[in-house]
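**Student:** Take a look at the following structure, please.
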Amino acid sequence: MVQVKAIKAFSDNYIWCLTTSNNTQAWVVDPGQAEPVLDYLAQHNLTLAGILITHHHYDHTDGVAKLVSENPNIAVYGPTNSPFKGITQQLTDGQSITVLNTAFNIIATPGHTLDHICYVNEQLAFTGDTLFSGGCGRLFEGSAEQMWHSFNKLRELPADCKVYCTHEYTQANLAFATAIEPRNPELLAYSKRVDELRSKNEITLPSTIGQELKINPFMRSDLPNITELLPKEFCSVTKNNEPWENFAGLRKFKDHF
């Protein structure tokens with residue numbers, strides 16, 4: 001069974017390290033820095049076997065070159081249409097790969113960037129900068145309609161599927177979420193737990209798909225009243241709004257929150 005551990009990088013990034021109990025191989029997801037990965041591998045007597053990339057941003061890819069130079073035979077998996085040129089195994093929507101004897105499906109999730117993909121199965125979802133706990137990535141390249149379509153793919157995963165995103169943004173995301181749904185009891189309870197974890201400098205991840213469907217306003221954009229507290233300059237609230245229009249309004253407000 002795959003075990004997932006967080007390697008901290010930069011100020012708020014997590015590089016996810018995948019291992020199993022019966023061998024010394026490791027895979028990492030979105031290594032924005034090489035040094036924390038190399039240190040972790042050395043401390044735990046692990047050998048790097050491969051790299052998974054969700055999208056091209058530097059804080060997800062800058063460590064790749066050094067890691068490959070130290071481990072020249074490893075594969076670097078990533079999206080086929082990516083501006084990042086360090087990918088050796090290109091992936092498209094609907095493909096599957098095997099990592100440590102575990103199958104992952106590739107889901108194209110454009111929105112944050114156009115090349116973004118997620119690596120998912122029924123137990124684990126590596127969502128990069130698409131889905132955060134309590135939030136979502138900024139729309140740097142794609143549209144709100146694209147991002148909502150991407151979210152709909154993730155919403156179909158099992159409720160107990162664990163969500164491993166790449167940033168410790170949970171506390172800030174929940175401050176926004178509670179401004180949107182101040183009477184959501186699940187959200188208020190989750191926010192309290194997250195505050196307690198962060199007060200001890202502990203990680204708030206992984207979340208689960210089921211948890212996000214209860215507390216993440218972006219995952220709940222299909223609810224007709226989700227935008228009722230938005231300032232009108234960000235979203236015209238009508239009963240006929242498409243979910244992606246609600247999503248767009250939420251994202252615009254979050255950008256100014």
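Each position is counted from 1, following the chain as shown.
Just so you know, glycine gets a Cβ as well, placed from its N, Cα and C.
Dumping what Swiss-Prot says about this protein:
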type	residues	note
BINDING	HIS55, HIS57, HIS112, ASP129	Zn(2+) 1 binding site
BINDING	ASP59, HIS60, ASP129, HIS167	Zn(2+) 2 binding site
**Student:** Let me know the most crowded of the binding-site residues, choosing from HIS55, HIS60, HIS112, HIS167 and counting other Cβ atoms within 10 Å.
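**Tutor:** Per the Cβ count within 10 Å, the most buried is HIS55.
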**Student:** So, three-state DSSP: helix, strand or coil for ASP59 (Zn(2+) 2 binding site)?
**Tutor:** helix
**Student:** Compute the C-alpha separation of HIS55 (Zn(2+) 1 binding site) from HIS167 (Zn(2+) 2 binding site), stating it in Å without decimals.
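**Tutor:** The Cα atom of HIS55 (Zn(2+) 1 binding site) is 14 Å away from the Cα atom of HIS167 (Zn(2+) 2 binding site).
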**Student:** Beyond HIS55, HIS57, HIS112, ASP129, what residues of that chain have CB atoms within 8 A of the centre of the Zn(2+) 1 site's CB atoms?
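**Tutor:** After dropping the recorded site residues, what remains is THR54, HIS56, HIS60, THR113, HIS116, GLY128, THR130, GLY137, PHE140.
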**Student:** Taking HIS167 (Zn(2+) 2 binding site) as the reference, which of HIS57, HIS112, ASP129 (the binding-site residues) have a CA within 10 A of its CA?
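**Tutor:** Within 10 Å of HIS167 (Zn(2+) 2 binding site): ASP129.
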**Student:** Around the recorded Zn(2+) 2 site, report the further residues of that chain (criterion: Cβ within 8 Å of the mean position of the Cβ atoms of ASP59, HIS60, ASP129, HIS167; site residues excluded), sequence-ordered.
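**Tutor:** What remains near the Cβ centre is ASN13, ASP30, GLY32, THR54, HIS55, HIS57, GLY128, GLY137, THR166.
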**Student:** Using a 10 angstroms cut-off on Cβ to Cβ distances, just flag whichever of ASP59, ASP129 is the loneliest among these binding-site residues.
**Tutor:** ASP59
**Student:** What three-state secondary structure does DSSP assign to HIS167 (Zn(2+) 2 binding site)?
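**Tutor:** HIS167 (Zn(2+) 2 binding site) sits in a strand per DSSP.
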**Student:** Run through the Cβ atoms and count how many others sit within 10 Å of the one on HIS57 (Zn(2+) 1 binding site).
**Tutor:** 22
